[in-house]
Amino acid sequence: MVVFSKITVVLAGLATVASAVPTGTSRKSTFTVNQKARPVAQAKAINLPGMYASALSKYGAAVPASVKAAAESGTAVTTPEANDVEYLTPVNVGGTTLNLDFDTGSADLWVFSSELSSSESTGHSLYKPSSNATKLAGYSWSITYGDQSSASGDVYKDFVVVGGVKASPQAVEAASQISQQFVNDKNNDGLLGLAFSSINTVKPKSQTTFFDTVKGQLDSPLFAVTLKHNAPGTYDFGFVDKNKYTGSLTYAQVDSSQGFWSFTADGYKIGSKSGGSIQGIADTGTTLLLLPDNVVSDYYGQVSGAQQDSSAGGYTVPCSAQLPDFTVTIGSYNAVVPGSLINYAPLQSGSSTCFGGIQSNSGLGFSIFGDIFLKSQYVVFDANGPRLGFAPQA
């Protein structure tokens, strides 16, 4: 089952109290969205190649035939005991609390809604337009992912509250049709995109993201992400929390011309081997780290037993392998991804073969720095510049 492009956990968090910070004569806000762990009631199936296919198609990359075939065959694993929690983000949308996936790789706020049939909506919290909501006549939205999961529907202007900060009016994309893959994941009720508004998919006119709507209310027009492995993390809006990282932040300029948080890393290191620059996107909505073929080959060339497995839809490694760290150089800063994060998940429950957390970007032309990378870093998404700040997590 594939939910957006994030599978192992539904990354998000529990909105907590927003602290209003006076700045001059105006009141500005900062707030933190804390992730909240929720026990999984039963083992959860994960379509590993489907997850990979979704990440590729999200950016318009061709999905290799072997990956597509593996995704359609439904290769799955059950959630290991060590990973038996999910992290959910309650967000107030039009007066209803929904669990949304925060995604820096997209710019839509779409939700399960009362427009869905009972068979599509059972087990989900549903958006019901508030009494002050306005339906945008003639407006629509539609998304399709690499595993053929899809959703579409109508557009409303309504209010959205995260951490006590209210976006109003905010475009809310209400699902009126949804595929079975989304229906099956009872824990997630939609997505809150945090990329640039220029890539919002609403037709005939794109709409602004939640962040763009509220950034004028924030103490600083930024948010910072601390994702964790097997533990709750946070999203900080309007401020940088110096207690969450060590040393100093290193900034990289962002090229937002394509609507993404795109930056260029100066190089990479794998053990004693090093390589050149990598252009990529910081994406909390993608689980894997997708890199150019030569970098992927460099990495798995140092792992005994690693192989490109067409039946699995990607590179696999022995689950018992001690994988090397992968280091991304940004200026003078070395962002280290521990090898333990790259040994991602067993192909099947009890399998001794694991799916690799680093996979090919399939000739996409840029890399995707997903959660495998982000879980090792404190990352600041700063609209001023724009720029990205990186530091090791405390």
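Keep in mind that glycine also has a Cβ here, set from the backbone N, Cα and C atoms.
Annotated domain 'Peptidase A1' per Swiss-Prot: 87-391, in sequence order. Per Swiss-Prot, the feature active site maps to ASP103, ASP283. Residues annotated as N-linked glycosylation site in Swiss-Prot, with sequence analysis given as evidence: ASN132. If you look up Swiss-Prot, you'll see CYS319-CYS354 marked as disulfide bond.
This view paints the features noted in Swiss-Prot onto the structure.
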{"residue": "ASN132", "record": "N-linked glycosylation site", "contacts (Cβ under 8 Å, 6+ apart)": "ASP158, PHE159"}
{"residue": "ASP283", "record": "active site", "contacts (Cβ under 8 Å, 6+ apart)": "ASP103, THR104, GLY105, PHE260, TRP261, ILE368, PHE369, GLY370"}
{"residue": "CYS319", "record": "disulfide bond", "contacts (Cβ under 8 Å, 6+ apart)": "ASN343, PRO346, SER351, SER352, THR353, CYS354"}
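Secondary structure at CYS319 (disulfide bond), as computed by DSSP, is coil. Look at ASP103 (active site): DSSP puts it in a strand. Mean pLDDT for the domain 'Peptidase A1' (87-391) in this predicted model: 95. In the three-state DSSP scheme, CYS354 (disulfide bond) falls into the strand class.
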